[in-house]
Amino acid sequence: MYMHHHLLLILHLISAAIWVGGHLCLAVGILPGALKKKDYTLITQFEKRYEPIGMSSLVVLVVTGMWMALQFGIGPGRWFSFSNPLERVVSVKIILLLATVLFAISAQTRVIPHLATRPKKLYEMAFHIIGVTTIGVAMLILGSFVRYGGI
Ligand code: HEM
């Protein structure tokens with residue numbers, strides 16, 4: 001199916017705003033207060049409301065991103081060859097996407113279930129939040145290089 005590249009890019013940018021903006025709100029707006037008050041519920045309350053929209057935006061980012069890459073001639077067969085500037089952007093983005101997924105799995109299985117009983121887990125949660133936010137900002141900066149020819 002063909003979808004106009006500009007439309008894919010607009011959907012990609014709206015989703016990037018939601019994903020990166022949401023994580024920046026959490027990391028900069030909510031996390032410092034939660035650490036200060038040692039109150040993990042400030043984080044879990046935000047996550048409960050943000051998760052459906054955040055996860056949907058990540059799915060849209062992956063679908064539109066891979067679709068735009070395909071329109072640039074960079075399909076799965078060319079990933080991870082690091083042989084041309086645009087393909088390098090796509091390959092690094094996919095590696096960072098995997099890192100995001102690993103952070104999410106680790107938070108859901110190793111950290112969040114223990115926040116109520118083990119206060120020290122709050123610091124591990126902080127590490128996960130800052131990690132995913134930093135990776136999100138890096139993905140956004142990487143994306144912006146495409147219009148300058150790649151990396
Ligand atoms: C958290 C995830 C992501 C964020 C925050 C993000 C963000 C961005 C941003 C801000 C742009 C800049 C567009 C512009 O300068 O006009 C962009 C472009 C792009 N992204 Fe992503 N992106 C993400 C994930 C992905 C993934 C998983 C892929 C595919 C492998 C991908 C592929 C692309 C491509 C091909 C472009 C260039 C589109 C164009 O300029 O025509 N992105 N991205």
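Heads up, the Cβ atoms here are built off N, Cα and C, so glycines get one too.
Note that this is a predicted model, so its numbers are computed, not measured.
Going by TrEMBL, these are the annotated features:
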DOMAIN    46-142  domain 'Copper resistance protein D'
TRANSMEM  6-31  transmembrane segment
TRANSMEM  52-74  transmembrane segment
TRANSMEM  94-113  transmembrane segment
TRANSMEM  125-146  transmembrane segment
Over the domain 'Copper resistance protein D' (46-142) the mean pLDDT stands at 97
### Task
Taking the transmembrane segment (94-113) as the first stretch and the transmembrane segment (6-31) as the second, find out whether 3 or more Cβ pairs fall under 8 Å, excluding pairs closer than 6 in sequence.
no
